[in-house]
Amino acid sequence: MKDIFNFFEKPKDPLSFNAIRIALASPDKIRQWSHGEVKKPETINYRTFKPERDGLFCARIFGPVKDYECNCGKYKRMKHRGVVCEKCGVEVIQSKVRRERLGHITLATPVAHIWFLKSLPSRIGNLLDITLKELEKVLYCESYIVLDPKATPLQKGELISEDKMHRLYQEHGEDSFTTGMGGEAVREMLKSLDVEKLSEELRKDMRETTSEAKRKKYAKRLKVAEAFRVSGNKPEWMMLDVIPVIPPDLRPLVPLDGGRFATSDLNDLYRRVINRNNRLKRLQELNAPDIIIRNEKRMLQEAVDALFDNGRRGKTITGPNKRPLKSLSDMLKGKQGRFRQNLLGKRVDYSGRSVIVVGPELRLHQCGLPKIMALELFKPFIYNKLEEKGYVTTIKSAKKMVEKERPEVWDILEDVIREHPVLLNRAPTLHRLGMQAFEPVLIEGKAIQLHPLVCAAFNADFDGDQMAVHVPLSIEAQMEARVLMMSTNNILSPANGKPIIVPTQDMVLGIYYMTRAREFAGGEGRVFASPDEVRAAYDHGEVHLQAKVVCRIDGKRKETTVGRVLLWEVVPRAVGFDAINKVLDKKSLGGLIDLCYRLTGEKETVLLADRVRSLGYYNATRAGISIALKDMIIPAKKQEFLDFARKEVSEIENQYLEGLITDGERYNKVIDIWAEITEKVAQEMMQQISQEETTGDRDGKRETRKQPSFNPIYIMADSGARGSAQQIRQLAGMRGLMAKPSGEIIETPITANFREGLSVLQYFISTHGARKGLADTALKTANSGYLTRRLVDVAQDAIINEYDCGTMDGLFIGALVEGGEIIEPLGERILGRVALDDILDPVTGEVLVRANEEIDEDRVRRIENSGMDKVKIRSVLTCQAKRGICVECYGRDLARGRKVSVGEAVGVIAAQSIGEPGTQLTMRTFHIGGAATRRAEQSSLENRYAGSVKFAGLVTVQKTDGTLVAMNRNGEIVVVDDSGRERERYQVIYGARILVKEGQRIEPGVLMAEWDPFAIPLLTEVGGVVRYEDIIEGVTMSEALDEVTGLSRKTVIESKDPEARPRVTIRDANGNMMDLPSSRNPASYFLPQGSIITVNDGDEIHPGEVIAKVPRETTKTKDITGGLPRVAELFEARKPKDAAAIAEIDGVVSFGKDTKGKRKLIITPEVNGEQRTDLAKEYLISKGKNISVHSGDRVKAGEAMMDGSANPHDILKVLGEKELARYLVDEVQEVYRLQGVKINDKHIETIVRQMLRRVRVTDVGDTNFLVDEQVEKWVFEEENEKVMSEGKRPAVGEPLLLGITKASLSTESFISASSFQETTKVLTEAAINGKVDYLRGLKENVIMGRLIPAGTGLPNYKHLDIAVESPTDEVNEMEAALAATHGDTGPLGEPSRPVGTQTTGAA
């Protein structure tokens, strides 16, 4: 009886565990798991196809092949359950045990586990202090190792060859010492290790040693020893006596048709191990010669190696078709391994896919689902309903009925589908908006209909894209789909908080057309009392859609147009008429939807979006816009411009021929001229295409007026519907400069445009760019996907998990200014953040925002009006939450427009927001057809505001003609208004001519400074006579005759002589060195390699004149290609190729004696006004680099002293975490800004926080850390608090910046790390440490098949029960509301009467 009860017992819940531990398996453990030993390599009998006894598929060990049936057929069926057949020894039980029962192989000699032998650093070698090479010699039976030296002079662990051993035996006698070879010897040595003692000795050695290399070596060994000590693993378990055999159904043998068998590679690998093991056993029994046994042992070791990790050592074992066999490690590794193929990505049932087409009359929350698809997807629900309604009595008859597609079935399908959302997904799903929920509407045909407004989120178009449909089954799933994933709940983009549901293309065109005004249109100037009158007049054809009229709206007379009044009918009243009383292009429409969302909430916005969609399509159709050839107006002045440019270019060629400029400068100037002319032609063309004159009658008189053009091409670009000024330029202006495949710009531009047609040569030049674009796209898509994967992996466990961490720390944030221009105003950067302290008005002192209040739109306005320049806010970077992040530090959830909720997976959102545009950008390179777009190099400064000039830190020299020249590189020109408030500040480049005086009043647009953008000059501060020093023809300087010009140029070259320091000195008439006025040092100027000397020996020179100039490199086009790798480089925290040295301290620059081809730069700090040479820092900079500081300059800590990007690790060391974070955020933003992509700073901050999670221990104090160990910050702080509370010494650490790959691999969770990269390495490390994974991140829970600990899967919601009410047949209120508003619509859903916003209820 008891058996029966057990049979119906619920199986244990496989998910009821909280953590997973991984450790080494001891031989006893393996035997304990095993159900029997596999002794024979046979698999199945070729005649009966039954498994061989004791073979790899043996039924006695692994269980029966058929359910409840023993192998010989004596016992069959359930009644014999649990009996063991006395004939064939098979237990009568379900056959599925063959998926879980293990066997084992007892080895004749211990072998090393290859992971612990070869996975660097070798753990076995580390513990025994033997190099990997020597260890392999022992294991693969090539030399002997001394186990016990006894009285001989040998060392324990020393390797000796066979000859030497025999010699020693002769000297000292047979049993004077013990040696061993192969696995037994290594196992002996591991067994004799005392880990406790080893640990203590190593700690002592580390304290006593002085050599850094030794300390590192001890630390490495100590790490492994500690791991064994703490985890309870025994070192000898790294050697295997017993090998587990995995269940046969996991390495199946499948009969193919034609009598052949397909088998898993593991069976082959196991067979080799068993064969060799059996042979070794036999040889040992026969007492075979040592050399044969040794060879067999080596072969056994190799066979076991291949089974665990084929190809890791020696030759890869291949199958009959020369394909490497897949070992146990390969089953886990890589994209096709267990982790990524089956655990992180699974196929989903109840899903279908089809091509998508546009559904212009769908509502925003709907999608069109083909009937045949719906019938298949909702089958179980239909069967249930058919039975419930009494159409059928059994599931079988329901099936038949559905197959026949009887009319009742369709009625029931309608019923089933109502209010049952489905998920639509378009691959690649780059961010969470790539999967959204919709309510299905049944349609005929086979294509899914998609709402046009959600295309932007899915990045879908209708050129053959396919989408997948998934059905959420449970009530909870349907609820989540409706509440969280419904398209109507995803109006804002999580990346930047701006609406993502904005009209595009035709819709924009239609709305733009209807809000434009046309001069002399029918009914112009009429006055109406209400919008209803305008509608009536328009319906009766009395007024033109674009006529300018006056209408009373909300009690005020408004000058407007008919079209705008008609648009007003569909806009919520709260938005106000002024928001739409203008020409609405794409940007304004986005603004309108944003405004509507902020003022009236989600529901109204959805209704507005749908109505704007209908109006847009309707009016775009009515407008009848088309393109004709003559719409591409070629500017009349084009030829004139081209002639002028050619003249300029030939002048520059002449200058080059006369030797006034170098070839590089000539190239740069030519490119600049053409870039400028292309711009001019484009401007001229835009002017002609964008304005038109029109004549008409007004009060009986003919008159002519100018108005914005109705040229269709212009309309499309101006409205933002399609195309850009740049594309129009190529159609009707000139194509302009093109780039070579290498990225350089070809200096002859394409002067033709597409309307005129290109010549063969021009066409050929333009194919370069196009092809490069396509090739780039293919490569970059992969790169971008990989970047996203790394970002997700590093940030997956950043979850909002507490409300307030209580930190007192935050960041100062100001407007982002570059080149005097405000790129991002303060308001945009602080919107949605939380204030750290009270923010006070600087003038009145009133509180604008209280501490811990969210800075919303209203407060941003107040802060901006108060004129503050920076605000202290809370940030993810300074959040003190241990794991995860707190609500207050994160601030606003961008996709919802309110504070973030606990449980939001902000890390993944951040990763998607950064990764998604990466892919977008990569896919959008080729749209401009490779045309090189370079803005003419900036070479001057103009002010934008009136005010007076102040110089800040600017050192100048007056030239003989009275102009000032800037002599330092960190000077700035500041413009202040009358009250002394700073309006703008500009950095002045070294060597610039300054054209304004200090204190001068200037109007806007005055030229304040100008410089040569193509060369960096070296100027003299004093006048005198030039003398060359160490400038020797052919050694440090080459004088090259320019063939073209016949003139010579002196260029400084790298000298073979390390002592040579080419320099120019300035002397007085008597030949004495002059002193520099700023630093009292002698006036000698060192010339960097590659500089061109412009003065001759013995010339007289005046202050501010150029001694030499360094040409800037030829400019390449900026393209996100520079972008993606740059972003990856920043997130990986790599040292840039030519990293700029940055100053570690504040001080004064001087140059020392050069060494080995490097220049010595010295920074001397000043203490109380005097220079302390004892504290000076020295830097060696290779001669080829261009140093941007000059002798006597003052530098601040963290300032770059040469061209190039800074190394983030240096910034962290010198300036600390906040500055580093600011640098990373700004640099990443810079790349995206170039592409016009908006990402909120907090996303990048979230990733940077994950990169800065760890500390490197520099001094261990009395803690258990090791020197140079990397630990999580909070672990470090906790340990220190504990130690200090006991009155001991705390550890000291320095913050550590890890690249995203490194950070992912060093997470707490080994499951997450091993599924990311380097699977074997991570698992080896984890096993030795006996690591426990507490399943805190998202990834490890997905792998274990549990709910993720975020969102609705938070532990606190685990025991919530959902009460399900029976559904009532109420009509969706929103439907009703919309039916009311769209009552009788005109064609294409244009409302034909005024529509208020009298909608009620909520969906």
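Each Cβ is built from the backbone N, Cα and C atoms, and glycine gets one as well.
Annotated in Swiss-Prot:
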BINDING   CYS70, CYS72, CYS85, CYS88  Zn(2+) 1 binding site
BINDING   ASP461, ASP463, ASP465  Mg(2+) binding site
BINDING   CYS805, CYS879, CYS886, CYS889  Zn(2+) 2 binding site
COMPBIAS  695-706  compositional bias 'Basic and acidic residues'
REGION    687-708  region 'Disordered'
REGION    1381-1403  region 'Disordered'
Lowest local Cβ density among CYS70, CYS72, CYS85, CYS88, CYS805, which the record lists as binding-site residues, within 10 Å: CYS72
Residues with Cβ closer than 8 Å to the Cβ of ASP461 (Mg(2+) binding site), same chain and 6+ apart in sequence? CYS455
Residue among the binding-site residues CYS879, CYS886, CYS889 whose Cβ has the most other Cβ atoms within 10 Å: CYS889
For the compositional bias 'Basic and acidic residues' (695-706), how many residues does DSSP put in helix, in strand and in coil? 0 helix, 10 strand, 2 coil
Going by C-alpha distance, which of the binding-site residues ASP463, ASP465, CYS805, CYS879, CYS889 is nearest to CYS72 (Zn(2+) 1 binding site)? ASP465
Could you state the whole-number distance in Å separating the C-alpha atoms of CYS879 (Zn(2+) 2 binding site) and CYS85 (Zn(2+) 1 binding site)? 66
Should one count Cβ atoms within 10 Å of each candidate's Cβ, the binding-site residues ASP463, ASP465 would be headed by ASP465
Do you know offhand how many angstrom separate CYS85 (Zn(2+) 1 binding site) and CYS886 (Zn(2+) 2 binding site) by C-alpha? 63
In angstrom units, rounded to an integer, how far apart are the Cα atoms of CYS886 (Zn(2+) 2 binding site) and ASP465 (Mg(2+) binding site)? 40
Check the Cα-Cα distances from ASP463 (Mg(2+) binding site) to the binding-site residues CYS70, CYS88, CYS805, CYS889 and tell me which is shortest. CYS889
Please list, in sequence order, every residue of the chain apart from CYS70, CYS72, CYS85, CYS88 whose Cβ lies within 8 Å of the Cβ centroid of the Zn(2+) 1 site. ALA59, ASN71, GLY73, LYS74, TYR75, LYS87, GLY89, VAL90
Other than CYS805, CYS879, CYS886, CYS889, the chain contributes near Zn(2+) 2 (Cβ within 8 Å of their centroid) the residues GLU802, ASP804, THR807, ARG874, VAL876, THR878, GLN880, ALA881, ILE885, VAL887, GLU888, TYR890
Give the distance between the Cα atoms of CYS70 (Zn(2+) 1 binding site) and CYS805 (Zn(2+) 2 binding site), rounded to the nearest whole Å. 63
Based on Cα distances to ASP465 (Mg(2+) binding site), point out the closest of the binding-site residues CYS88, CYS805, CYS889. CYS889
Fill in the CA-CA distance, CYS88 (Zn(2+) 1 binding site) to CYS889 (Zn(2+) 2 binding site), as an integer in Å. 68
Note on Mg(2+): the CB centroid of ASP461, ASP463, ASP465 has further same-chain residues inside 8 Å, namely ILE356, ALA460, PHE462, GLY464
Where does CYS886 (Zn(2+) 2 binding site) sit by DSSP, helix, strand or coil? strand
